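S.K.: Look at Swiss-Prot and you will find 31-81, 35-57, 43-62, 47-64 tagged as disulfide bond. Positions annotated as domain 'LCN-type CS-alpha/beta' by Swiss-Prot: 21-82. Residues or ranges marked as cysteine amide in Swiss-Prot (evidence: a curator's inference): 81. Look at Swiss-Prot and you will find 1-19 tagged as signal peptide, backed by similarity to another entry.
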């Protein structure tokens with residue numbers, strides 16, 4: 001029984017560590033992907049196009065879970081949206 005609990009705990013830890021990053025996906029201009037006035041499921045589809053595991057509308061922008069490390073994610077510290 002102890003081994004089963006240890007095994008399950010290890011699997012959960014691996015999922016947390018390997019789960020990927022999360023955040024607001026950035027478009028080619030560095031802006032968040034908007035979900036203002038979009039259909040239900042839009043953000044989940046957009047996130048999956050960027051190889052994320054899932055996503056939802058955190059109004060007014062999409063938020064993704066399980067993004068690959070190479071995915072571009074919006075960051076307030078390096079925000080270039082609307083700047084020249």
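Each residue, glycine too, has its Cβ placed from N, Cα and C.
Are these features on the surface or tucked inside, and what touches them?
M.R.: The number of other CB atoms found within 10 A of the CB of residue 81 (disulfide bond), across every protein chain shown, is 11. Residue 81 (disulfide bond) falls within neither a helix nor a strand when secondary structure is assigned with DSSP, and so counts as coil.
The Cβ of residue 57 (disulfide bond) lies under 8 Å from the Cβ of 35, 38, 42, 43, 63, each on the same chain and at least six residues away in sequence. In the three-state DSSP scheme, residue 57 (disulfide bond) falls into the strand class.
DSSP assigns residue 62 (disulfide bond) to a strand in the three-state reduction.
Neighbours of residue 64 (disulfide bond), defined as other CB atoms within 10 A of its CB across all chains, total 28.
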S.K.: Within 10 angstroms of the C-beta of residue 31 (disulfide bond), what count of other C-beta atoms is obtained when all protein chains are considered?
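M.R.: A 10 Å sphere around the Cβ of residue 31 (disulfide bond) contains 16 other Cβ atoms.
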S.K.: Indicate whether residue 35 (disulfide bond) is helix, strand or coil by DSSP.
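M.R.: Its secondary structure by DSSP: coil.
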S.K.: Sort the disulfide-bonded residues 31, 62, 81 by C-alpha distance from residue 47 (disulfide bond) and give me just the closest.
M.R.: 62
S.K.: Which residues of the same chain, at least 6 positions away in sequence, have a Cβ lying under 8 Å from the Cβ of residue 62 (disulfide bond)?
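M.R.: Result: 24, 25, 32, 33, 34, 35, 42, 43, 46, 47, 55, 56.
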